[in-house]
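A.B. asks: Below is a structure I'd like to ask you about.
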Amino acid sequence: MTESGSKLRIFKILKIIISSLLITVLLLFTIAAIRTLSLDVNAGLQLAHWEKTNNKSLVIDHHQREELLANFKEAIRIPTVSFSNTEINTTALLEFDRFLRKAFPTVFSSSLVHHELVGNYSHLFWVKGSQPELVPYMLLAHIDVVPASESDGWEAPPFSAKEIDGFIYGRGTIDDKNSLMGILQALEYLLLKGYAPRRGFYIGLGHDEEINGLNGAMNIVRVLKQRGVQLLFVMDEGLTISDGIIPGLEGPAALIGLSEKGQAAVKLSVSVAPGHASMPPRETSIGILATAVKRLEDNPMPRLFGYGPEGDTFEHLAHKFSFPLKFIMSNLWLFSPLLSRILERKPVSNAFVRTTTAVTFFNAGVKINVIPSLAEAYVNLRIHSAQSVEEVLDIIKDTVGDQRVKVELVYGFDPLPISGADEKAFGFQIIKKTVLDLFPTVTVAPAICVGNTDSRHFIDLTKNIYRFSPAWFKPGDLERFHGINERISTKNYEEMIVFYFNLIQNCDIRKLPEPHSSVHEL
Ligand SMILES: CCCCCCCC/C=C\CCCCCCCC(=O)N[C@@H](Cc1ccc(O)cc1)C(=O)O
Ligand SMILES: [Zn+2]
Ligand SMILES: [Zn+2]
């Protein structure tokens, strides 16, 4: 073949390759565009087709408003702090017990309600249903709060429940006395209105959630197991209604946690011979450990976006983003790697992308002129749904890559199972309907809860655990969670009561309506 003939041949091959590439790209974008326009994750059950069970309605009058706010403020003023794994405020927990009995006299005296103390300070209520064949469900909340100190910069003392511009300030106003008081206040009003549920339900109030729930939630589970109880679903604290928190999302979104990340506490330690600071070795225990910690911070865990429930979250929210995010989120099959890189830029969304690594303790040194023999650090890992404690531990050992650094697992548990969110998932659909009835402009989406809750102890009692409370989180509110100036608006607290009031009645339906695949209503 002549030189010009072979050039022509190469040119023809290149032309075929380029046009095939162009056709492939065009095809991919056509598929992506069709999916953007047609993705309908909100197809489901029509609100209008639900069996009507919410016969009682709650319109809060002036007197009730005064009373419910006074109750809530009194709850906030009782400092039920869990200080550490071994230090809880038992005096405050006993006071809280007395307070509940005074604030909710009908709940504590109704023949429909059986109440008992569990683990000395936790509360278990059983509200009897008129139709015992209907499987019961359970609402959870916790009594304890994390410590708070006014000197950190609170606008009002953290246990004052002071009202400023329509907000009640105080530790527990969003974590988690709002849910606790909201549930009991709703039940008090329902019972006062003569309501008797068809479907029985439990209410569990743990007293030590902030220190892992070992004596509260775990004992409640033990009691229920002994009684052979199985639950239709469990609803606990967790995700909320986010408004203006997810960048680019138009309007508020109620995220319902279908699962929660796993957790591990890992201890890193370095031991060397102690010595005189005037003749230091080239590397000290502190230096070796600091390098290990730096390696962990410089090498985040792998991106796993799309391998857990977080992919579904963005598919559900896609239609509320504008172009190009709408296009990207509707086509995670193509754009997951790109979206991961966008999300990982901010701590709040990075938590959805991977297992996170937080160094929370670093201890070493005894005296200014002594080379310390021991340096230790603790790392708190929040494990993505697609990983396990074991896998994460192996990655840590590889990343540290230094035999002198001892890596030990202090405690750990794998990510929690993923509850259903389809049209047959009773708990999910009940929560969704209750949200949409009360807040019609909200988009409801399944999600993963990045923190842990008492509900994780309930996995042997049900496959369906949802982490959600109808608290509204606006920009700046995430920082209030375990932070300073924790607060809730009086309006939102009232909405929470109405939400639980309606949810309890919605649970009385015998079964969910038949799905109607092309309807957008629910
Ligand atoms: C794409 C961006 C979406 C942004 C939306 C984010 C909304 C986030 C809303 C709420 C935050 C989630 C908080 C979940 C509840 C966590 C409760 C909690 O703090 N639990 C403790 C439990 C614990 C664990 C270990 C211990 O030794 C003690 C307590 C926790 O640390 O997880
Ligand atoms: Zn909490
Ligand atoms: Zn908390």
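Placement of Cβ uses the backbone N, Cα and C atoms for every residue, glycine included.
Just so you know, TrEMBL annotations never went through curation; they're auto-generated.
Copied straight from TrEMBL:
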- D144: active site (ACT_SITE)
- E209: active site, proton acceptor (ACT_SITE)
- H142, D175, D236: Zn(2+) 2 binding site (BINDING)
- D175, E210, H482: Zn(2+) 1 binding site (BINDING)
- 259-403: domain 'Peptidase M20 dimerisation' (DOMAIN)
- 12-34: transmembrane segment (TRANSMEM)
A.B. asks: Which recorded positions of H142, D175, E209, E210, D236 contact ligand 3 in the sense of C-beta under 6 Å?
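C.D. replies: Cβ < 6 Å from ligand 3, in sequence order: D175, E210.
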A.B. asks: Between H482 (Zn(2+) 1 binding site) and H142 (Zn(2+) 2 binding site), what is the CA-CA distance rounded to a whole number of Å?
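C.D. replies: Here the two Cα atoms lie 14 Å apart.
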A.B. asks: Could you list the residues of the same chain, at least six apart in sequence, whose Cβ is under 8 A from the Cβ of D175 (Zn(2+) 2 binding site)?
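C.D. replies: Result: V145, V146, E237, F481, H482, E486.
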A.B. asks: Could you tally the C-beta atoms, other than its own, that fall within 10 angstroms of the C-beta of D236 (Zn(2+) 2 binding site)?
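C.D. replies: Its Cβ shell of radius 10 Å holds 28 other Cβ atoms.
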A.B. asks: Given a 10 Å Cβ-Cβ cut-off, pick out the one of the binding-site residues H142, H482 that has the most other Cβ atoms nearby.
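C.D. replies: Going through H142, H482 one by one, the largest Cβ count within 10 Å is at H142.
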A.B. asks: Quick one: give me the count of other CB atoms within 10 A of the CB of E210 (Zn(2+) 1 binding site).
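C.D. replies: The answer is 24.
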A.B. asks: For ligand 2, list the recorded positions among D144, D175, H482 whose CB atom is within a distance below 6 Å of it, in sequence order.
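C.D. replies: Checked recorded positions vs ligand 2; flagged D175.
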A.B. asks: Can you tell me which recorded positions out of H142, D144, D236 are within 10 A of E209 (active site, proton acceptor) by Cα, answering none if there aren't any?
C.D. replies: H142, D144
A.B. asks: Counting every protein chain present, what is the number of Cβ atoms, excluding its own, within 10 Å of the Cβ of the residue listed as 'active site'?
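C.D. replies: That number is 29.
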A.B. asks: If you run the three-state DSSP split on E209 (active site, proton acceptor), which class comes out?
C.D. replies: helix
A.B. asks: Could you say whether, by DSSP, D144 (active site) belongs to a helix, a strand or a coil region?
C.D. replies: coil
